[in-house]
Ligand SMILES: Cc1ncc(COP(=O)(O)O)c(C=O)c1O
Ligand SMILES: Cc1ncc(COP(=O)(O)O)c(C=O)c1O
Ligand code: FES
Ligand code: FES
């Protein structure tokens, strides 16, 4: 088989073997519905409570504040729609940023059509939310601030603590999309004064189709999915036992040696970034040089279009992405890259490599060898590059 | 290990081995995000399209009319909230029945609080929706009729075709919760004039946490979960590849020998029903004698409380339920049993046995041996039974 | 996503480069949308005797440029003007719906280069009727299926 190097861990991760092993019995042996009172059910009730406790502990929450959902997008939708529905008597203003994930952005845009007002705060050239602007945009009728912990495209980590304090001071509910941050930074919902936090298991070597919403006790929020009495009557649907068990195991593994994980990823990331910037003229790093996810390397390569790069990399077995996976159906340049001030052309020629626990130094070396060749080939074809060379 | 007889297939089913085998590679080998354009993504794109096609075919829909969700409850919520939000300019009246699943009922009750008006149509003693009443309750501002295909507690199958024609005639969107019917009856959305249909994989030997909503082309509905461009921009969230593959396989197996499955279940069900009614005095069958799910045996046993029965059965390794699993947190008698006219006392003393593909004749014989003994023991303790015996 | 033919032309594009003292040069597209196509023609006795291109764009843009140059090489100007984007796409065994506009770009680039040749030589071609090389081909949303 031809060489395959996966560098798209922010899109999704392979499940760890321990996670799969933990899940397996629950598919066809210990498969009962945890809401059933017979022993097939009871034995699984205990099992999901255990997973709940493990995950709650990793964010310093209590087990009765975390609710399983069908994924990160559902968690974001629930948090935002749930809070503004609960508080619509109190106000109609929401604050978010220009670089949120689409699960937040499109939800906010939908709410605008429903009569809510949304401020999309700017970010600086590194992708850090403008705190002054955020503060100034707070109004008496602001009911929700929703800011992501770390960006999925450029990896920038936000000053969540400062925003949490601001929100607290003004008594505004604070939601944080931590789908990308989880497993890569230590998150303490109490210290950070977070009211709601979204997670998704498949970004941390857990299963797809399972997420979580932390809801701080006392937070006003209505349900997104009505029905049965599961999740303390707040999220209906037969509990996804294998996925919950897998999420619990993935959470345990992620936080049992966070430092080791971060060190491994940061080393490889920096090697990749420095190597690429050195070998490829007219390239630049997107996002913050240090306040960034340990595995994220987002690079703009001028005078080439991103898809041509992606396809060429794919031909030599290297998998990465331009922008986020969920927007790759679209032809518009990334809203995140536009928000940090890139021109259309440069935004179009951007690549996101995301490194994970299974990435080796050879993988990075392979990219450092192949990508410059590809860039050179594509630039030879580019009418834009011609001029640059001519001019120099 | 002690004998364990699982007769709660309507609560959830164990996954079939073929289903698990189909899913396994997608956890950690072929694990890519189908929205990614590299080969890890593309290979899974094809895979989910294939599952989509298989399932679409089983309900006579086309592949671009079926959308994966996080389960049956999400499908119900999406269908109902999505349609009424899209049509709220047109009207505010919803028609449903008194015996719907909580995912429908509680969603409708929530919408009542939001200003919609809901008619909950009665059912007859067998649990069949009163068609005359349904017809009379249609108003010019009726925007949705939502009726389940088969009931999860008593197994009654509804006259969906007649209701579909009525809805069509009045140009009202028609949603059907087919979570229990799927895999047990042949469903043709076109013939039945269904606009929206909810399914859930874990009721048909597929994985938990994956459902589907059929949306007939042209049906007006807004999204429940906003975000990425997945599912043709109608349901955001990274596609749950293993679960989708498992659902596809489960659908294929369910419909490859539907007749054999129905025959096997019906034989065991009738043996169980007839045996129990014969051996246990003051017992009765709930639901329709013939228009019922092939695996459903719902029995009321007078003068005893259901939980005591459940626990006693559990002690001898028999797993069944009273009412639906998701209500077992509640102490109220089943809304379904009340709707078919049972008194509180009788409703409380009801048991649901649901038979599945792995049920054997010995399992049924075991219940027929154990349950009468349990009933006798509990009745000896019952002050109500004393009087009856005295009176006789 | 792409046919083998598209990938083959993308990886081994024909006729990449420039022609010095070309008889006609055309450029279409807009870097803002992520694509520019530049086409060079050498024309002798009404026949396209050489053609080269440079493209900044996606895989499909590169492949359609390459295919278009192959399809007009050695053809008369009238034949080249009758090249449609559909024909280019078909020759590549089809394109995904969202990528059809890239083939439009290829058709426009050919026309634009011939237009330049016509301008320089004061010629008229039926196939150029209604063609405006400066028209803003903001094509990015037209083929969106929803
Ligand atoms: C009729 C019916 N509808 C909806 C549901 C909900 O499905 P899920 O638990 O997969 O969300 C169920 C089962 O719980 C059901 O029996
Ligand atoms: C920051 C962020 N939020 C939300 C999501 C959505 O998560 P999911 O795809 O599990 O629904 C993602 C990933 O897709 C993400 O990166
Ligand atoms: S007696 Fe225990 S629930 Fe009523
Ligand atoms: S040239 Fe615009 S997407 Fe292909």
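Counting starts with 1 at the first residue shown.
The backbone N, Cα and C atoms fix where each Cβ goes, glycine too.
Feature annotation from TrEMBL assigns pyridoxal 5'-phosphate binding site to A:72, A:73, A:152, A:180, A:200, A:201, A:202, A:238. Within its own chain, residue A:180 (pyridoxal 5'-phosphate binding site) has A:10, A:148, A:149, A:150, A:151, A:152, A:155, A:203, A:293 as residues 6 or more apart in sequence whose C-beta sits under 8 angstroms from its own.
What TrEMBL records for A:203 is N6-(pyridoxal phosphate)lysine. Neighbours of residue A:203 (N6-(pyridoxal phosphate)lysine), defined as other CB atoms within 10 A of its CB across all chains, total 28.
For A:326, the entry in TrEMBL reads active site, cysteine persulfide intermediate.
Positions annotated as [2Fe-2S] cluster binding site by TrEMBL: A:326.
The DSSP secondary structure for residue A:201 (pyridoxal 5'-phosphate binding site) is helix. When Cβ atoms from all protein chains are considered, those within 10 Å of residue A:238 (pyridoxal 5'-phosphate binding site) total 26, not counting its own. Highlighted here are the binding-site residues (A:73, A:152, A:200, A:201, A:202, A:238) whose C-beta falls below 6 Å from ligand 1: A:238, in sequence order. Checking the binding-site residues A:72, A:73, A:201 against ligand 2, the ones whose Cβ sits under 6 Å from it are A:72, A:73. Residue A:202 (pyridoxal 5'-phosphate binding site) counts 29 other C-beta atoms within 10 Å of its own C-beta, drawing on all protein chains shown. Chain B has a C-beta under 8 angstroms from the C-beta of A:72, taken from the binding-site residues A:72, A:152, A:180, A:201. Spanning the listed pyridoxal 5'-phosphate site, residues A:72, A:73, A:152, A:180, A:200, A:201, A:202, A:238 have a farthest Cα to Cα distance of 30 Å.
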